[in-house]
Amino acid sequence: MSVRRRTHSDDFSFRLERTRRPSKLDVLRESPTLPVQQGYSLTTVVLVSLVVTLVCQNVAPPAFSYLNQLIKNSPKRKIPGQSNRLNIGFISTNSPEKFAPAVQKPTFLVDPIYDEKWKGVHTAVPVMTTEPEEKRDNNHAKVKEAILAAKAASRSRRDGNLERAVTIMEHAMALAPNNPQILIEMGQIREMHNELVEADQCYVKALAYDPGNSEALVLRARTNPLVSAIDRKMLKTVHDLRNEFAHLQHSTALRRMMRETYFLYVYHTVAIEGNTLSLGQTRAILESGMVIPGKSIREHNEVIGMDAALRFLNCSLLSKEHHEISIDDILEMHRRVLGNADPVEAGKIRTTQVYVGKFTPVAPEYVLEQLADMVDWLNDESTMAMDPIERAAIAHYKLVLVHPFTDGNGRTARLLLNLIMMRSGFPPVILPVETRAEYYASLHVANLGDLRPFVRYVAKHSEASIQRYIGAMKTSSGNVINGEEPNLTAEESKVSEKIETECRAGS
């Protein structure tokens, strides 16, 4: 009998048999039969679901709120090796240590932000603007280019090439109109052209943006007395024309010119505010009540309201015995200005905050107080002793600055200006719509602290208004000198009689 030799494969099979995991079939064969477990009933499942829902709705939220409150009020501890993910305030340049809560707030989402310590904390500086970085870089590049252009213009100015200097500075002013260095160089070029008023304005504007600029202070001290003398001479010229106007013969030609000025004033004062009616259309509305096709009802009502306000000024305010101006006078003018366009807000001080471009007037709770201060200033003895042109211009500016109404502030301010001027013997001042940009620019300069440009603007157009009357009287007809007067048309006579009748009834 042969005996088979044991091989390595037999050993491997033996080990595999010993280490093999029992299969499910082997377990079933060896283990006794177990009873099958029965499932839960439907009633039990429903009851458990209701209990879980009630717990989630009533117990879980207060528990999480309490936990969040504990985390919020927990003491803070320093973690030298960590940095805050959000840094709301200015970045500290002294200490690199950051603060983190002692108990971390639990989160149910994976934070996708990789939190790495910022290595530039010691060299950081606060960012003082909210402009986009691209815009800041663009503005910085413009200012840099403007300064280089100003240096080139300065070299041309010293070499005597003023034309080239002016051309370069116009480019620099277009790039950085508010830069003090640019304004100072532009002022020096204006001064060399003997444009002292414009040069002084450049120095004043430079000081508004940089009050401590020594070069601007020295240059302003040189031009200020010269410009003051120019302003006094200009005001004296206007007063001399006013005296000449006062001695004009009250003829039919003068009355006709007054009627034309009336229509011109209504047209220009509403056109400055954006009204698109032409002078002929404005006149047609006032004379015949015609409705202009293609124009809004509001534009018609603005013209009618200004007509009512002018009649109130001519027939009531100018006939008052005392020359004091009250808050009620201003409110009554405004009530007529907006009486047809916006009767709800007409004659009422605003109760909401308004915004005029980049300018923000006073809050509504201070409007009445500011308006009372303005009226007290108007009626003060020292103010009454001022030049009427200066007083009227400053009163206009103060009313616009307070901005007491939601709409119609500019029209009411121009009525107040003319009320003061006409009480001093001046004819109505027309501020043309063609000079709208100059009008608002001079008011902007007044916001920077210099009222003289706006006073000059009012004086210039007051002189133009008087010259219009004098020129009309001199060129209308030679019959006025001989005592003969041209006859009015039937329509002109009818309108003049209507205005005079209304004035007598109002007084």
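Note: Cβ is positioned from N, Cα and C throughout, glycine not excepted.
Range annotated as motif 'Inhibitory (S/T)XXXE(G/N) motif' by Swiss-Prot, chosen from 167-172, 269-274, 341-346, 401-406: 269-274. In terms of DSSP secondary structure, the motif 'Inhibitory (S/T)XXXE(G/N) motif' (269-274) contains 3 helix, 0 strand, 3 coil. In the structure as shown, the Cβ atom of Glu273 (site 'Important for autoinhibition of adenylyltransferase activity') sits within 10 Å of 16 other Cβ atoms.
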